[in-house]
Amino acid sequence: MTIVGHILGFPRIGLHRELKYALEYYWDGKIKEDKLLEIGRTLRIRHWKQQKDSGIDWISVGDFAWYDHVLTTSLMLNNIPDRHRIGQENINLNTLFRISRGYSLDKKLIPPSEMKKWFNTNYHYIVPEFVPNQEFKLNWTQLFDEIDEALSLKYTVKPILLGPISYLWLGKIKGKKFDRLSLLPNLLSVYQEILDILLSKNIDWIQIDEPILVLELPLQWLNAYLSAYEQLHGKVKLLLTTYFDSIYHQLDIITRLKIDGLHVDLVSNPDNIPLLHARLPKHWTLSAGVVNGRNVWKTNLHDWFKKLYPLVGERSLWIGSSCSLLHSPIDLNTEIKLDKHIKEWFAFALQKCYEIKMLCAALNAENTSDATYEDTLSEYYISNNLRSYSSTIHNIQVKKRLEHIDEISYSRSSPYTTRVTLQHKKLNLPLFPTTTIGSFPQTEEIRKLRSRFKNNQINKEDYHLNIKNYIKKIIMEQEKLDLDILVHGEPERNDMVEYFGENLNGFIFTQNGWVQSYGSRCVKPPVIIGDISRSKPITIEWISYAQSLTNKPIKGILTGPVTIMSWSFPREDMQRKTIALQLALSIRDEVIDLEKSGIGIIQIDEPALREGLPLKRSDQKQYLEWAINVFRITVSSVKDDTQIHTHMCYSEFSDIIYAILALDADVISIEAARSDEKILKSIRHVIKNLNEIGPGIYDIHSPNKPTQNDLIRRINQLLKYIPEQRLWINPDCGLKTRSWPEIKHSLNNMVSAAKLLRKQFYSS
């Protein structure tokens with residue numbers, strides 16, 4: 001039996017982020033739809049060829065998406081919220097963008113669908129919406145069109161389809177509550193139709209993704225798998241695909257399914273290969289996800305060879321990535337500035353394809369007693385074996401400081417009830433204080449300035465002078481808007497994680513290591529390669545300068561340790577807890593220096609706190625314990641009258657509400673504008689125990705411009721759950737990606753709405 005290689009998906013954005021720019025040009029009206037479609041087609045053809053040239057046997061089709069793959073699935077199933085059908089006879093590309101971004105109709109804002117994190121990654125998906133008695137039907141033909149494209153180029157095609165049970169689980173109910181599984185029979189009829197079409201195209205295998213099987217699911221959802229795959233089996237061979245965690249707890253159910261193969265993320269749990277082999281039906285194909293799709297380190301191919309070799313000849317075996325390579329940068333060969341010794345430690349998406357080819361070749365060759373491949377695998381990883389001796393990754397002072405971590409208090413010196421009185425006296429803020437989350441528009445001019453400085457085209461003095469001029473403008477604009485708490489706007493920061501990584505020891509940075517976060521939004525995560533420490537203050541110059549320009553309080557913005565770790569590519573030779581503690585000590589030093597410089601409000605952004613939560617509930621308690629302690633170590637040194645804020649992004653806050661309480665931040669702002677009242681309803685039983693909260697009164701990711709009345713309605717909604725003395729008024733996220741005209745309009749209406757309601761409360 002020949003062992004074949006495949007991947008679970010390939011990055012779609014393009015080596016130079018071509019898809020990002022094409023989407024933004026299209027949204028801005030700078031290119032037509034036919035040009036956008038042409039760019040997408042060019043990217044797909046290039047990516048298929050790259051996979052084939054790298055030695056991949058089955059070419060994945062269906063991983064390309066104009067915004068995200070879950071939304072693509074919704075369109076294929078004709079699951080379009082009624083508010084996005086208005087004025088549109090047929091589903092088209094603009095329908096997709098309406099759902100993901102929102103739009104205006106007759107001066108009325110039509111909100112986008114909710115956006116959520118894709119499991120425990122920094123990728124986001126647009127949440128499907130379900131109503132009682134909803135009917136699905138086959139509509140959007142993107143998958144079939146792309147299969148035809150690939151077949152015309154003579155590739156061996158493996159279509160990718162999000163499975164029906166996971167699709168239902170990932171969605172949300174709109175309106176009256178009902179059992180989402182009641183929609184399954186109708187949904188399965190559409191999936192059968194899809195499989196019939198694939199059969200007519202002579203498709204042999206389909207990758208059907210059911211990632212929720214790694215969760216600890218209710219029994220009725222597990223039982224739904226049995227009937228669903230009984231119904232779907234027999235048309236095209238089904239490779240049931242799971243990722244991001246182990247599925248050993250579900251083997252009793254999985255082994256009863258009518259499928260033809262199973263993909264398992266072995267990176268998450270590599271030690272149970274013998275158990276898998278013993279438990280899975282002998283006629284099934286086992287797809288071994290051994291190349292990490294979520295990190296950039298080389299794979300220890302020789303180690304995997306030894307683990308997988310006993311299966312050779314015993315069953316049908318595929319070698320694959322642990323998950324989609326969507327979460328990986330594309331090509332290491334473009335990183336011409338990386339130190340060559342450090343570069344040898346890494347593998348990006350194309351190199352990961354080559355790793356799969358190498359492992360397949362070695363396992364296949366072993367069938368013919370050719371052992372030379374095994375030596376090649378050992379040589380491939382030798383640089384990573386030597387890494388543990390590198391002075392680049394070790395810092396004795398950091399290790400010594402960690403040894404004494406228990407000497408640091410995990411708590412503020414006084415409880416919130418004491419602190420709040422001192423803080424209110426010092427800050428003298430009105431009811432419904434207004435602020436922003438931190439960043440202001442990153443104009444082309446600012447980006448060019450940073451690029452020129454990075455490329456040594458201007459000196460440090462000129463760069464600092466220009467950045468301070470931008471800060472001055474940002475302060476002036478905020479004062480004109482009459483915001484209560486100001487920020488310096490972060491013009492010096494390219495990215496909230498990359499900026500801090502650049503100013504800490506233990507990180508390296510890529511030129512082209514971009515990965516998609518959502519839609520056209522891409523991030524370039526730094527790589528943590530060694531022990532982390534702070535050599536000098538990072539933000540003091542900019543934030544202190546901002547405070548010198550105004551009598552209003554300036555809020556210093558820092559990225560928190562858990563988020564820096566989660567949004568970087570972490571070390572694989574160190575536990576996440578230890579990495580986070582190293583970061584906590586570094587950011588703690590910055591907090592101390594900010595307070596010494598006279599900054600009385602400090603915000604520690606932790607948007608990734610929920611994201612880092614293990615997928616299995618039984619594993620979550622331990623993570624939350626150390627994540628909470630990491631945050632508290634970061635801020636425990638400050639005085640009682642220093643106000644500590646934190647900010648969190650798209651999250652199921654009900655899952656971690658007690659952890660949020662345990663952070664003991666004075667003010668928390670959350671990204672909740674897309675969620676209507678859902679988040680507040682889910683935590684209403686503990687809101688009385690929260691300190692102060694700013695839920696976000698408008699969605700900055702949508703181009704919609706909220707009116708004053710829109711914002712008043714939103715604030716009144718919030719007041720049903722939050723006492724007025726504890727409610728802050730703010731956008732739901734940073735303003736980096738918006739234009740100045742947009743934010744002036746929205747913030748002016750936000751401040752006006754707060755003032756109007758403030759007046760009503762003071763006079764009542």
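Cβ coordinates are placed from backbone N, Cα and C, and glycine is handled just like the others.
Keep in mind that what you see is a predicted model, and the values were worked out from it rather than measured.
Annotated features, as they stand in Swiss-Prot:
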ACT_SITE  His701  active site, proton donor
BINDING   Arg17, Glu18, Leu19, Lys20, Lys117, Arg521, Cys522, Trp567, Glu611  5-methyltetrahydropteroyltri-L-glutamate binding site
BINDING   Ile437, Gly438, Ser439, Glu490, Asp605  L-homocysteine binding site
BINDING   Ile437, Gly438, Ser439, Glu490, Asp605  L-methionine binding site
BINDING   His647, Cys649, Glu671, Cys733  Zn(2+) binding site
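Rounded to a whole number, the C-alpha distance linking the residue listed as 'active site, proton donor' with Cys733 (Zn(2+) binding site) is 8 angstrom. Comparing Cα positions, Lys117 (5-methyltetrahydropteroyltri-L-glutamate binding site) lies closest to Cys733 out of the binding-site residues Ile437, Ser439, Cys733. Shown in sequence order, Thr436, Val487, Met496, Ile557, Gln603, His647, Gly734, Lys736 are the same-chain residues outside Ile437, Gly438, Ser439, Glu490, Asp605 whose Cβ sits within 8 Å of the Cβ centre of the L-homocysteine site. Cα distances from Ile437 (L-homocysteine binding site) to the binding-site residues Cys522, Glu611, Glu671, Cys733 are smallest for Cys733.
Considering only the binding-site residues Arg17, Cys522, Glu611, Glu671, Cys733, Glu490 (L-homocysteine binding site) has Cys733 as its nearest partner by CA-CA distance.
Farthest C-alpha pair in the 5-methyltetrahydropteroyltri-L-glutamate-binding residues Arg17, Glu18, Leu19, Lys20, Lys117, Arg521, Cys522, Trp567, Glu611: 28 Å apart.
The binding-site residues close to Cys649 (Zn(2+) binding site), defined as a CA atom within 10 A of its CA, are Asp605, Glu611 out of Ser439, Asp605, Glu611. The full span of the recorded L-methionine binding residues, Ile437, Gly438, Ser439, Glu490, Asp605, taken as their largest Cα to Cα distance, is 13 Å. The Cβ of Glu490 (L-homocysteine binding site) has 25 other Cβ atoms within 10 Å, all protein chains considered. When the Cα of Ser439 (L-homocysteine binding site) is compared against those of the binding-site residues Leu19, His647, Glu671, Cys733, the shortest separation belongs to Cys733. Checked against Leu19 (5-methyltetrahydropteroyltri-L-glutamate binding site) by C-alpha proximity, the binding-site residues Asp605, His647, Glu671, Cys733 yield Cys733 as the nearest. Within 10 Å of the C-beta of Gly438 (L-homocysteine binding site) we count 25 further C-beta atoms, all protein chains included.
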